[in-house]
Each structure stands twice: as C-alpha cells, then as structure tokens.
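Take a look at the structure set out below.
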Amino acid sequence: MHGESPIKRRESRKIWVGSVPVGGDAPIAVQSMTNSDTNDVAATVAQINRLEAAGVDIVRVSVPDMDAAEAFGRIKQQVKVPLVADIHFDYKIALRVAELGVDCLRINPGNIGREDRVRAVVDAARDRGIPIRIGVNAGSLEKDLQKKYGEPTPAALVESALRHVEHLERLNFKDFKVSVKASDVFMAVEAYRLLAKEIIQPLHLGITEAGGLRSGTVKSAVGLGMLLAEGIGDTIRISLAADPVEEVKVGYDILKSLHLRSRGINFIACPSCSRQNFDVVKTMNELEGRLEDLLVPLDVAVIGCVVNGPGEAKEAHIGLTGGTPNLIYIDGKPAQKLTNDNLVDELEKLIRQKAAEKVEADAALIARG
C-alpha cells in the first residue's frame, strides 16, 4: 500500500494530443506504435483496439505515402484513442492527415524539406489545433552534425533538437513536444538531461530500437527509469521488437515501480527457494494471466515462506505468506488460512473482491466531494 511518488517532476508546458494532456501536471502518458501495414485498415484498427484495452493513452501510426494517408483517415474514424501520424520526407502527407483529423504530427523538420514546406505543415497544424512532435534520432542525424561530431553524441542530438525547436519558434508555433532517442542507454539519458535544461516543452522519452521483449524491456527500464526518477519525462514509448501490447504493459510497469502512475495489480513476489510452502512461480503465472483485466491499482504480495512473507504481506492490500497452512493478509492484517488446494482460485476471488470494494470506496469518496 505504497503512497505517492517522492519524485519532483520537471516543469513543462502542457499540450493536448486529442483528449490526452501531455506535460505540465498531467499524468505521464503511455504510448505505443502499430506494426501492422497501415493500408490494412482492419488489421490496424484491431491492433489499436487491443492497445486501448491494454491501457494505451496515445498510438502512433506510420504513414509512409499518400495511400497510407487515406487509410489513416479511415482508421481514425473507427478508433477512440488519439492517433499520431509518423511522417517523413513528404510534407504533403502531413497536410493530408491534418485534413483527415490527426491528433498529432510526428515530424523531423530536417527531412521535411525547405522552409516553405515546414511552414505549410506548421500552418496546417496551427489552424487545426494539432500538436507536433519533433523526433530526433541518433540513426538519422543531419549530415552536417555527423561531420561536426564524427558520430552520434548526446550533444549532437541536442543540437539537432534545438535547431528544430528554434525553427518552430521562429514560426511562432509552441504546441509541440520533443524526443532525442538513441539505442545506447547512456547516450539517450545524457541527451535528455541536457535538453531538459534548455527547453520547457514536454519531453517524449524512449530508447529507440531497444531490442526484443527481454533485452528491450531491460534497456528501456534502465534508461527511462533513470530519467523518470530525476523528474524528466512527460510521455513514454517502450520500443520493442514484439507485440505492441507488451510495450504498454512494460510502460505501466516502469511507472508503477516509481509510483508515478498506477494501473492494475502491482505484484510483489519472491523468486522462491526450497523453503517455499507452495509453488510460487506457478501461482504467480496463473494470477498474472487471470487478473490482466483488472485495472484497479492494488498491491498483492505472494511470498512462499515466513522469512519475509509477513513483513511484505502487511504492506500489501492482499498478501499471501507460505506456511502450514498458508496465511492471507488483507489490508495488513491476518484474515484467513488457506491450504494449497484451490489456492489460486481463492486468491483470485479475494483480489477481485478487494478491487470491487476499492472501486466502491473511491466512488463514494468522489460523491462526497
């Protein structure tokens, strides 16, 4: 039953991506990106709906050409979650998706082209109240910066970002957020630290091309965890070569671990050893699978023996300590004993009951004003 996060977040300007606030005092938004063919409208809509069910706040969709832009418009009509169009090279694509109701444009002004083209995109965004994300990436730095620095560095990423920030500010456009991504954790972290000192715009955090499910999760947790713990970051995207739904899950798990945002069950579980009085690993796997649908933030401790079990259980909403028999704690107090027979069934029942009680209590509190 952990309280609020002790982290003091960096002050930033608030912008709106559709109905979702980003920056300022808004909760840190969790993003993902579709990996389906945008021209396959049905498949992309289905994937976005799965992401929304997982709790995503904002979804980015790649729009590589005009056919994809038209498909994007049809996709936008069929989903509720705000959509970001990922645009490179052809400014006319950005103009078209702006007409079709995009919620945010992700562009790199450096590859959109001449000043008049960038101005056209900015004017379209301003006229329709569409924010822009300046997305700088270590793998696509401008040639002059590559020549100047010899290789991607934090300073090079920040110089690129500030160049584009100044570009938008010259056009009197302030409704934007910025990212400076790299696949190297140290490079990305240092770039964000430097950039955070220079601008007030909200920052979109990510370790780009982080890797597969396991390696990408670790890289992202380390890099984003360092920044978030320092109060840097207003929205996050976990880049994984995996099902995009996993990006959302990992994103929330990172935020939960720092007490920055809660959604669903926060499990505290021991790695198990020969002292365990029930199969901890099997119990955890079953509980996680069964309770994925629960959105209510609850702390649930699953500890296999009495060494650390009582202490952890007393700090959780629901706690299980292995013993003969096993002991259940509810709100820190011993409540009932359970044998290993139907252990998971009984735990699931208690957790769902506790979640329902919390929803009812929260609703009553809101009703009282």
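Numbering starts at 1 and runs along the chain as it is shown here.
Keep in mind that glycine also has a Cβ here, set from the backbone N, Cα and C atoms.
Listed in Swiss-Prot for this protein:
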type: BINDING; residues: C270, C273, C305, E312; note: [4Fe-4S] cluster binding site
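For the binding-site residues listed here (C270, C273, C305), the lowest count of other CB atoms within 10 A around the CB belongs to C273. For the [4Fe-4S] cluster site, the Cβ centre of C270, C273, C305, E312 serves as reference, and the other residues of the chain with Cβ at most 8 Å from it are P271, S272, R275, Q276, V280, I303, G304, V307, N308, G309, G322. Annotation note: C273 ([4Fe-4S] cluster binding site) sits in a coil segment as assigned by DSSP. The 10 Å shell around the Cβ of E312 ([4Fe-4S] cluster binding site) contains 20 further Cβ atoms across the protein chains shown.
In the three-state DSSP scheme, E312 ([4Fe-4S] cluster binding site) is classed as helix.
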